[in-house]
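Engineer: My structure is below; once you've seen it, I'll send some questions.
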C-alpha cells in the first residue's frame, strides 16, 4: 500500500465508530455545506413569502433571472449584491420603525390593509420586522464563508482579469502583435473551462454541444466550435466598440449634459445584461439535461392547489366549496382565471420542450417571473382584500411555483435534450411503470391532448391519424412488454394448477368488486342517511284550512320557540304508548329523538276572514244542502334548510251551521270536524310530505273544532276563525293545534350529488355504464387474441423506438418507411407470428 497513512486510517475508524445520530448530524451538515446556495435561495424566498413587500421582492427575481442562470455558478457580484441589499434593507426597516412617522400612529387600523403604502413597500411598524432578514443575512454570510474556504470567492475576479487579458490580446492580435502566443494561451484556457463544466455537472455522462448529433465528425465539431467562438468574440467586440464609439462621440461633441450621461449609463447597464443572455442562449458547451417531468409535476401540484383551494383567490369565497359551486352551475371567476392561466402555462411549456428552443424558454421565464410576482403581490391582495402573508393557500402555491422557476432556470442553463423519445413512464418495464402508465391513460383527454400537441410541435411527415396510430401501438406494446417481463420474473411451471392464493386473491377481489357494483345503490341509499345522515329540523310549519274551495278560513304558522324537540321522558312515553303496535314500532325504528319535532300552533287564525257577501251566501247554502258534498281542504307546508315540502288533503266536511250575530257582539258556536286532522307528518328529503297512518289509533285522524268569532267596532265587523284540537298530548286551556313532524335525515353536502339521483338513478347512471364496460372486457377477448398473445414484443418495441429516433434526427423519409413497415406488420398475421417468436 503505497499511500497508506496510519493517522488517516485511525481517523476513518474513529468516524465510523461514532453513534448513528452523530453520523446523521455530520451528513446533514455536509449536505448543508454542499448546497449552501440552495439554503440561501430558500431563506430569501421564505422571507419574501412572510414579508411580501417591494423591498423583499428584488432578490427572488434576481435569483430566478440571474443567479440560477449563471454558468457554472452565481458570481461573486451577485452574492455581494445580495449581502449589501439585505444590509441596506435592514437599516431602512429599522429607520422607519420610529413612532414619529405619520403612518406609525395607527398601526392597528392599517396593518391588515393590503394597499396601504407602507405595507406595500415593507416599511410598516411591526414586531419582529427584521427577524427573517437577519436569518437571510446569516445564510448569505455562511455561504460566503464556504466559498472562501474552497477558494471560490475570488475566482470570478481572476476569471474577469483573464478574460480582459484575452480581450486585450485579441485586440493586439488584430493589429499584428503577439498573435501566436495569445492563440496558444486561449487554447489552454478553453480546455480548462471545458473541464470545469465537466466537474460541475457530474449527473450528466458527457458535456455535449447543443443541437449537435453524434454523427458529426471531430473535424466538423472543431470547425463549428471555432466558428461559434468567433461569433461570440465578434459580439463582444461589437459591444465594446459600441460603448467606445458612444464615449468618443460624447467627447468630440463635448456633450456633458445630464441626458447624454444617462444614455451612456443606460448602455453600460444594458450591454452586460444583453451579453449575459446571449451567452446563455448560445453557449460553447452545455451539459444538457431533461427536467421537464419535474416541472410538469410542479405545475400539476399547483393545479391541484388551485382546484381544492380556489377560494383563496377570490374576494368573498372564503367559505365556498367547489363541489357545491359546480353543482349549482356556478363557476367562480377566480377559479376560472387561475385554472386557465395554469393550464395555458403548461401547454406553452410543453411546446417549448418539444421545439427545444432555449431562447423561447428564456423569454417565457422572464415573462412568467415578472407576471407571477406582479399578480401574486400586487393584484391578488386587492382581489382578496387580504395581505399575501395572510393567505396560506396563495403562499403554498407561490412556493411550488418557485420550485418550478428553479427547475426552469436549471433547464435553461443546461439546455434541452437533443432527443425526446417516448413517455417518461415507459423507461422501465415493471409493475410500477405499468400501473402509472395505465393510470396516465385513464385521465380523460390527457392522452389525446398530449398526442395532438406532440404532433403539432414535432417535425414529422405522418398525418395526425398515423401519429395517433403509432402512439397507440407503442402504448399497447409497452403494456405487453411489462406483462412479459413479469412472467419472466415470476414464471409459472407447466402442468401446475394455479395456487389458491392467486385464485382467491385475484378472483375473490373481482367477485367482491362486482357484487359491490351490483348492490351499490341499495347499500349507498340505505347507509348514507342512517350512518352519515344529518338531522335537518323544520324551520317553519304552516297550516291552511279551506272550506269548499272558498277563501281560506284558517292560516297559522309555527316558528322558533313554537317548534320544540322532545326531551328523553317525552320520547320514552311516546315509545311506550305504541308498545303493542308492531307497525308503529317498525316505523319509529328509523327515527331518533332529535328527528321528532312538536309544532304548537295558535288556535286563532292569524288573518281575518274577508269573504265577499255573495261567496258567503253560497257557502251557507252549500252547508245547508245535506245531499251535496262539501269538502274541507287542509294543507300543510314544512320548511327545512333548503327544502320546502307541501301537502294538501281534501275530506268531506261535516255540517257547519252558520252563526249569525249582532253588531258589537262576540259569539262562538264551535262545530266539530271529524277525522280531518293528520297530527303526524313525515317530512322526507324530497318535496312530498305525507301523513303517518301507522301512528294513528285505528287509522283514524284526529278531530278538531272550528268556530267563527265576530267582533264589532266603530270601524266595522271583523271576523276570524278559531280552531282547537280535541286529542292533544299537551293539555292546554287555550285553543291550539299540535303537530308532530318526523324529519328524515339528509345526506351530507359532499355526497348530496349522488344521493339526489335516487336508487333507480344510480342504477341507470352508474351500474349500467360500468356493466357495459365490464361486459366488453369479458366478451371482446376473442377479437384481440392476435394482438394480445404476443410471446416476445422486443422487435416491435424497437421498431417503434426507431421511429421516434429517426424523427428526432430529422430523417423524415426513413420515418415514413418505418411507419409503413409497422403497418404492414399489423396487417400480416404470419409476419407478426415470425416477429414475436421467442428467441
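Any Cβ shown, glycine's included, is placed from N, Cα and C.
In case it's useful when we look at the structure, here is the feature table from TrEMBL:
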type	residues	note
DOMAIN	34-154	domain 'Piezo transmembrane helical unit'
DOMAIN	289-526	domain 'Piezo THU9 and anchor'
DOMAIN	564-838	domain 'Piezo non-specific cation channel cap'
REGION	155-180	region 'Disordered'
TRANSMEM	14-32	transmembrane segment
TRANSMEM	39-66	transmembrane segment
TRANSMEM	78-96	transmembrane segment
TRANSMEM	291-314	transmembrane segment
TRANSMEM	334-353	transmembrane segment
TRANSMEM	362-384	transmembrane segment
TRANSMEM	396-416	transmembrane segment
TRANSMEM	428-444	transmembrane segment
TRANSMEM	464-483	transmembrane segment
TRANSMEM	504-528	transmembrane segment
TRANSMEM	751-774	transmembrane segment
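How buried are the listed features, and what sits near them?
Structural biologist: Confidence for the domain 'Piezo THU9 and anchor' (289-526), expressed as mean pLDDT, is 85.
Non-local neighbours of the transmembrane segment (291-314) in the same chain are 320, 322, 332-335, 337-339, 342-343, 345-346, 349, 353, 380, 383-384, 391-394, 396-397, 400-401, 403-404, 407-408, 410-411, 424; each lies 6+ residues outside the stretch with a CB under 8 Å from one of its CB atoms.
Counting residues 6+ beyond its ends, the transmembrane segment (334-353) has Cβ neighbours under 8 Å at 292, 295-296, 299, 302-303, 306-307, 310-311, 313-315, 317, 322, 325, 360-361, 364, 368, 383, 416, 420, 450, 453, 456-457 in the same chain.
The list of residues near the transmembrane segment (396-416) in space but at least 6 beyond its ends in sequence, with Cβ under 8 angstroms from a Cβ of it, reads 41, 45, 49, 60, 64, 68-71, 201, 204, 210, 280, 283, 286-292, 294-295, 298-299, 301-302, 305-306, 309, 312, 353, 356-358, 361-362, 365, 368-369, 372, 376, 388.
A Cβ distance under 8 Å defines the sequence-distant neighbours of the transmembrane segment (428-444), meaning residues of its chain 6+ beyond its ends; these are 475, 478-479, 481-483, 485-486.
Here the transmembrane segment (464-483) has long-range neighbours at 422, 426, 429-431, 433-434, 437-438, 441, 447, 451-452, 454-455, 787-788, 790, 793-794, 796-797, 800, 803, 819, 822-823, 826, meaning same-chain residues at least 6 beyond its ends whose C-beta is under 8 angstroms from one of its own.
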Engineer: State the residues, same chain only, that lie 6 or more residues beyond the ends of the transmembrane segment (362-384) and have a CB under 8 A from a CB inside it; answer 'none' if no residue qualifies.
Structural biologist: 52, 57, 60-61, 64-65, 114-115, 120, 277, 280-281, 312-315, 334, 345, 348-349, 352, 391, 394, 398, 401, 405, 408-409, 412
Engineer: When the domain 'Piezo transmembrane helical unit' (34-154) is classified with DSSP, how many of its residues are helical, how many are strand and how many are coil?
Structural biologist: 82 helix, 0 strand, 39 coil
Engineer: Please report, as numbers and ranges, the same-chain residues at least 6 past the borders of the transmembrane segment (14-32) whose CB is under 8 Å from any CB of it.
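Structural biologist: Cβ under 8 Å, 6 or more out: 39.
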